[in-house]
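Per TrEMBL, the features are:
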- 42-63: transmembrane segment (TRANSMEM)
- 59-308: domain 'G-protein coupled receptors family 1 profile' (DOMAIN)
- 75-96: transmembrane segment (TRANSMEM)
- 116-138: transmembrane segment (TRANSMEM)
- 158-176: transmembrane segment (TRANSMEM)
- 215-237: transmembrane segment (TRANSMEM)
- 258-278: transmembrane segment (TRANSMEM)
- 290-310: transmembrane segment (TRANSMEM)
Amino acid sequence: MNNLVMLFQTPSPGTADAVATANSSSISVFLLLALADTRQLQLLHFWLLLGIYLAALLGNGLISTAVACDHRLHTPMYFFLLNLALLDLGCISTTLPKAMANALWGTRDISHAGCIAQTFLFVFLYSGEYSILTVMSYDRYVAICKPLHYGTLLGSRACATMAAAAWATGALFALLHTANTFSLPLCQGNAVDQFFCEIPQILKLSCSGSYLREFGLLVFSAFIFFACFVFIVVSYVQIFRAVLKMPSEQGRHKAFSTCLPHLAVLSLFVCSSTLAYLKPPSISSPSLNLVVAVLYTVVPPVMNPVIYSMRNQEIKQALRTLFGDILLRHQ
């Protein structure tokens, strides 16, 4: 009888926290979202993801090589573009290889340490990419609105400092979010409703009310995100006002050709991120979450090189020169 009474007694808060902590500490693996149920579809997803991954590696690798090897591209704009390409390479390499391995071998698991590492690297690279895009808008603003001060405001030391600050910002955000997320007690199982370790999906596994601290950190991050967005919008308002006042049509065309690719990349990044993190819970579903996650994790790293090289004659010429020299050496 005493055992039955003890069984139906409500545990104290301290006991509940201890149980939750024990449950979270006992999780050795997380189960990621399966991309398909049948073996044929799993293999199809593997080959599709492999093709996307190789396209991203090729595009960003070509841009990085062109900027690094051609001295004509050693300018602030292309220096920041090199940083963007490296961040894109890291970002897609953080999520897709594990998803491809799971699809190929028909598994779903990722180790606890692997999930922590994936979360840290993704937030680090993703935050760093947004910071670099913000810096790139400043670069375009100075180049078009204050051309006489361009060499002073964006000298080699200033560019290196801004790039380092962008990477450091990503590292700081990643450290805060990762440490905070994985310090929460988990009592809702170990099945992550996404194909990679995404913070909102991990928070769903935490105990009721224990995620408020991380929620506050997410709100703070959203405020920083919005502040950068306002800075970018104001910069481009000034840029377009300056471009429209240019007397030369050729000058306007050149200004737009350097600004529009950055604006397209930025719009893709911001729209997909906003859809991922600010969509109403009422329309949330595993299928929609998967589509949105692909939009903001896979599409930008693949499309950014295409957008930047499509109308950029300098990058095209640098690649022609690079491959021309390689072919001449082998003849």
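Backbone N, Cα and C atoms are what each Cβ position is placed from, and that goes for glycine too.
In TrEMBL, annotation is done automatically, which means it is predicted and not curated.
Scored by C-beta pairs under 8 angstroms, the transmembrane segment (75-96) has its highest count with 116-138, from the stretches 116-138, 158-176, 215-237, 258-278. Same-chain neighbours of the transmembrane segment (290-310): 33, 35, 52, 55-56, 59-60, 62-63, 81, 84-85, 88-89, 91-92, 95-96, 122, 129, 194-196, 198, 261, 264-265, 268-269, 272-273, 275-276, 279, 316, 319, counting only residues six or more beyond its ends whose CB sits under 8 Å from a CB of the stretch. Confidence for the domain 'G-protein coupled receptors family 1 profile' (59-308), expressed as mean pLDDT, is 88. Between the transmembrane segment (258-278) and the transmembrane segment (116-138), the number of CB pairs under 8 angstroms, six or more residues apart, is three or more, so the stretches are in contact.
When Cβ-Cβ distances below 8 Å are used as the criterion, the transmembrane segment (116-138) is approached by residues 77, 80-81, 83-84, 87-88, 90-91, 94-95, 98, 110, 162-163, 165-167, 169-171, 173-175, 177-178, 181-182, 196-199, 202, 225, 228, 231-232, 235-236, 262, 265-266, 269, 273, 297, 300 of the same chain, each at least six residues removed from its ends.
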